[in-house]
Amino acid sequence: MGPTASGKTALALELAEKHNCEIISVDSALIYRGMDIGSAKPSADELARGPHRLIDIRDPSESYSAADFRADAIAEIEQIVSMGKTPVLVGGTMMYFKALLEGLSPLPSADEAIRAEIQAEADEKGWEALHDQLREIDPVSAERIHPNDPQRLSRALEVYRISGKSMTELTQTKSAPLPYDVVQFAIAPRERKVLHDLIAQRFAIMLKQGFLEEVTELKARGDLHLDLPSMRCVGYRQCWQYLDGEFDYDTMVEKAVAATRQLAKRQLTWLRSWPELNWLESGAEGNLVTLMRQCR
């Protein structure tokens with residue numbers, strides 16, 4: 001694992017080429033078909049060197065939860081192990097890693113009809129009134145969720161209306177943890193400025209590769225919008241807004257790079273609190289040797 005632009009893919013490919021391993025992607029952007037440039041999806045040459053499982057498995061119009069990922073990843077792990085190989089899980093979506101390793105609470109799946117009901121109530125009464133409802137049924141979640149956070153507020157109310165139990169009650173029970181021994185590594189530059197520079201350089205390369213054209217094609221479909229999880233991925237939202245005329249090109253670049261740096265900051269915050277983590281420095285010689293030594 002590691003922040004965006006830290007060199008995870010390069011190290012994983014080296015590992016897959018030199019050892020009996022197969023790669024499983026742990027990335028909430030790489031799951032989407034047609035989102036190749038802005039997600040930094042491995043190139044055709046890279047995929048030929050080391051095929052990645054769990055990429056291009058959803059249309060951008062579809063949702064994909066941490067629970068979906070956990071089920072899919074466990075199935076892939078079991079298949080790889082049955083082939084006598086070692087699974088290598090690579091990515092930066094920390095919520096997916098956490099769900100896989102620790103298990104998940106048995107929350108109900110989304111119900112579009114109930115979500116529509118909640119949205120209609122919010123349109124009529126305001127989110128503050130719905131927050132009052134949540135405080136009555138789940139004071140713990142109400143304390144944690146701000147009235148100005150409609151996505152999380154709606155989900156907490158939805159869970160209660162589907163199950164008759166509060167999110168707090170349901171999250172006290174988790175599915176079983178992953179039944180495998182896992183050696184965990186994080187890779188990141190030692191200096192923050194190095195990572196910031198890498199992020200800016202990579203976004204410039206994405207634009208040269210046709211990132212704006214990719215977003216233009218996604219917009220032209222007509223069934224996608226900025227409220228979808230796929231279009232909330234960093235870079236895609238800013239390019240979309242630029243194409244809508246919300247700001248100029250230079251501002252788009254500035255906003256996209258800033259959003260990516262914020263993502264990297266959040267990823268590093270997760271990783272610094274992660275237990276049993278072995279750290280590698282991006283670009284350092286001997287990373288593969290260090291990694292293999294720790295795995296023995």
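Just so it is clear, glycine is given a Cβ too, placed from its N, Cα and C backbone atoms.
Under the DSSP three-state reduction, T9 (ATP binding site) is assigned to helix. Of all the Cβ atoms in the protein chains shown, 21 others lie within 10 Å of the Cβ of T9 (ATP binding site). Swiss-Prot lists G2, P3, T4, A5, S6, G7, K8, T9 with the feature ATP binding site, giving sequence analysis as the kind of evidence.
The substrate binding site feature in Swiss-Prot is assigned to T4, A5, S6, G7, K8, T9. Within 10 Å of the Cβ of T4 (ATP binding site) there are 22 other Cβ atoms, across all protein chains.
Remote same-chain partners of the region 'Interaction with substrate tRNA' (27-30), defined as residues 6 or more beyond its termini with a Cβ less than 8 Å from a stretch Cβ, comprise 38-39, 41, 52, 54-56, 64, 69, 91-93, 95-96, 229-230, 233. Annotation source Swiss-Prot lists region 'Interaction with substrate tRNA' at 27-30 (among others).
Here Swiss-Prot flags T93 (among others) as site 'Interaction with substrate tRNA'. According to its DSSP assignment, T93 (site 'Interaction with substrate tRNA') is coil. Here T93 (site 'Interaction with substrate tRNA') comes close to V26, D27, S28, F69: these same-chain residues lie at least six apart in sequence, with C-beta atoms under 8 angstroms from its C-beta.
Summarising the annotation, Swiss-Prot assigns site 'Interaction with substrate tRNA' to R115 (among others) and lists sequence analysis as the type of evidence. Of all Cβ atoms in the shown protein chains, 15 besides its own fall within 10 Å of the Cβ of R115 (site 'Interaction with substrate tRNA').
Annotated region 'Interaction with substrate tRNA' per Swiss-Prot: 151-155 (among others), in sequence order. Sequence-distant contacts of the region 'Interaction with substrate tRNA' (151-155), counting only residues of its own chain at least 6 positions beyond either end whose CB sits under 8 Å from a CB of the stretch, comprise 115, 118-119, 122, 127, 130-131, 134, 145, 167.
For 232-237 (among others), the entry in Swiss-Prot reads region 'Interaction with substrate tRNA'. Note on the region 'Interaction with substrate tRNA' (232-237): DSSP counts are 3 helix, 0 strand, 3 coil.
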Rounded Cα distance, in Å, between K8 (ATP binding site) and R115 (site 'Interaction with substrate tRNA') is 37
Find, among the binding-site residues listed as G2, P3, A5, K8, the one whose Cβ has the highest number of other Cβ atoms within 10 Å in the structure shown. P3
For T9 (ATP binding site) and R115 (site 'Interaction with substrate tRNA'), what Cα-Cα distance in Å is obtained after rounding to a whole number? 37
When secondary structure is assigned with DSSP, how many helix, strand and coil residues does the region 'Interaction with substrate tRNA' (27-30) contain? 0 helix, 0 strand, 4 coil
